[in-house]
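Below is one structure; the comments refer to it alone.
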Amino acid sequence: MSKREEVKISEEDLNKQREIINKLREINDAEYERTGKRKKHLTVTYGCQMNEHDSEKLAGILQNIGYIETNDKNEANLIIYNTCCVRENAELKVYGNIGSLKNLKKEKHDLTIAVCGCMMQQPHVVKEIKSKYRHVDLVFGTHNLHKFPELLSTSMESDNMIIDVWDKEGDIVEGLPVTRKYGLKAFINIMFGCNNFCTYCIVPHTRGRERSREVQEIIDEVEELAKNGTKEITLLGQNVNSYGKTLEEETDFGNLLKVLNKIEGIERIRFMTSHPKDLSDSLISAMTVCTKVCAHLHLPFQAGSNDILKAMNRKYTKEAYLELVEKVRSKVPNVALTTDIIVGFPGETEDDFKETLNVVEKARFNSAYTYLYSLRQETPAAKMENHVPDDVKHERFNRLIEAVNRISGEINKAYLNKVVEVLVEGTSKTDDAKLMGRTPQSKLVNFAGNKEDIGQIVRVKITEPKTFSLNGELLK
């Protein structure tokens, strides 16, 4: 565990939560016997895959309590907003959606409204909700998700808003029930928190310091998933390259990949996110020797200017990043690189931005998550001078998007007439008559096929490359 002071979570605490789950289940079962109706919950998730997986845990707890899911807020007895605070836009959406529930709350006296996640770790947000959104029933954060049964029970018995936000991370809690959003694919937390303190980022304040799960706990979870038909796992961490540093047993992320690669039933292993300063030879080696580890590396570079990188506290240079790209490509020739890029960080000049474009041209990413810099309270960047005007940020952003999309389209054109292996995930979102799946490089492929192929790895010949996806024909 981290040397930082933490909240200890005892087995007694966890047993208490299990008892409350059983008690609530009995109450809900009795109500179902009386009315023939199950209570329903709607969970809306904002942000990253870590938040998505947290919502899967909340859904697992609620399923054990006797709730079923709904997508209709008018049907729901419980509405949860699992929030993100990485960018202001996500926060504004949350406030808007919470506000829109005020009239529904007046109409449905049995409706419970809960907000949780990263936004709630910020004191000014909790203060805002207390003063302006008094129809909210329950507020909790990222560190005490295991207490959700108790908090829900207390909230349902109280006329007051229940607020329980821990300002320190606790022990990692294993064994929480999970209702997976996807059958074939599964998210798996291998660690929590971040120690990097990039000057623009709020995550270390909302997710706490780095803590790694024990290797055996991860193995047990993956083996159980494999038994239940999961074919692809995605290992999650704010910085997976730091995995193992807080464990007593000496290990690292590369070794973990090699262990998981041996588990029967799992066909593909993905992971995110990797910090460039911590990308090790051990990880690169694992990508070359582990047959199940996908040839896809998400490696955020954020900015191309060394001055901006220093101001961001990224702890690498443009030159070092490009050398790393070449190193990875030399060892894993078919690797697909994706990245994150921020436009308009405080002090960014036109020359700085051109350095970012230069990295995009040299690294030739398969795709990129591109963002306008968003000021976050409690971060050093918020106090910096020379904030870039919005019109300049948007103009640069559009130029960046053009470059990223052009290169992505060029890379995809090279797939014409190639045969690729696709894990079939389901029907296409754009055409119900077609199937869709992904290559090891995470390329989205649409093709005609039989639904019996869902869950299988099939060979597809690419007949029509597009900028963001590939069309093909199934080979028998």
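From the backbone N, Cα and C atoms, a Cβ is placed for every residue, glycine too.
What Swiss-Prot records for 39-157 is domain 'MTTase N-terminal', and it gives sequence analysis as the kind of evidence. Look at Swiss-Prot and you will find CYS48, CYS84, CYS118 tagged as [4Fe-4S] cluster 1 binding site. The domain 'Radical SAM core' annotation in Swiss-Prot covers 180-410 and rests on sequence analysis. According to Swiss-Prot, the [4Fe-4S] cluster 2 binding site annotation covers CYS194, CYS198, CYS201. The domain 'TRAM' annotation in Swiss-Prot covers 413-476 and rests on sequence analysis.
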Near-site residues: [4Fe-4S] cluster 2, ref CYS194, CYS198, CYS201, CB cutoff 8 A to centroid: ASN196, PHE197, TYR200, ILE202, VAL203, PRO204, GLN238
Distance [Cα-Cα, Å, rounded] between CYS198 ([4Fe-4S] cluster 2 binding site) and CYS118 ([4Fe-4S] cluster 1 binding site): 17
Neighbouring C-beta atoms (10 Å sphere around the C-beta of CYS198 ([4Fe-4S] cluster 2 binding site)): 21
Listed in sequence order, residues with CB under 8 A of CYS118 ([4Fe-4S] cluster 1 binding site) and six or more positions away: GLY47, ASN51, THR83, CYS84, CYS85, VAL86, GLY141, THR142, ILE202, VAL203, THR206, ARG207
Euclidean distance between Cα atoms of CYS201 ([4Fe-4S] cluster 2 binding site) and CYS48 ([4Fe-4S] cluster 1 binding site), Å: 14
Binding-site residues: CYS48, CYS84, CYS194, CYS201 - member with fewest neighbouring CB atoms within 10 Å: CYS48
Output field, [4Fe-4S] cluster 1 shell: CB within 8 Å of site CB centroid, site CYS48, CYS84, CYS118 dropped: TYR46, GLY47, MET50, ASN51, THR83, CYS85, VAL86, ALA90, GLY117, VAL203, THR206
Structural state census, the domain 'TRAM' (413-476) (DSSP three-state): 4 helix, 34 strand, 26 coil
The domain 'MTTase N-terminal' (39-157): DSSP-derived helix, strand, coil residue counts: 62 helix, 23 strand, 34 coil
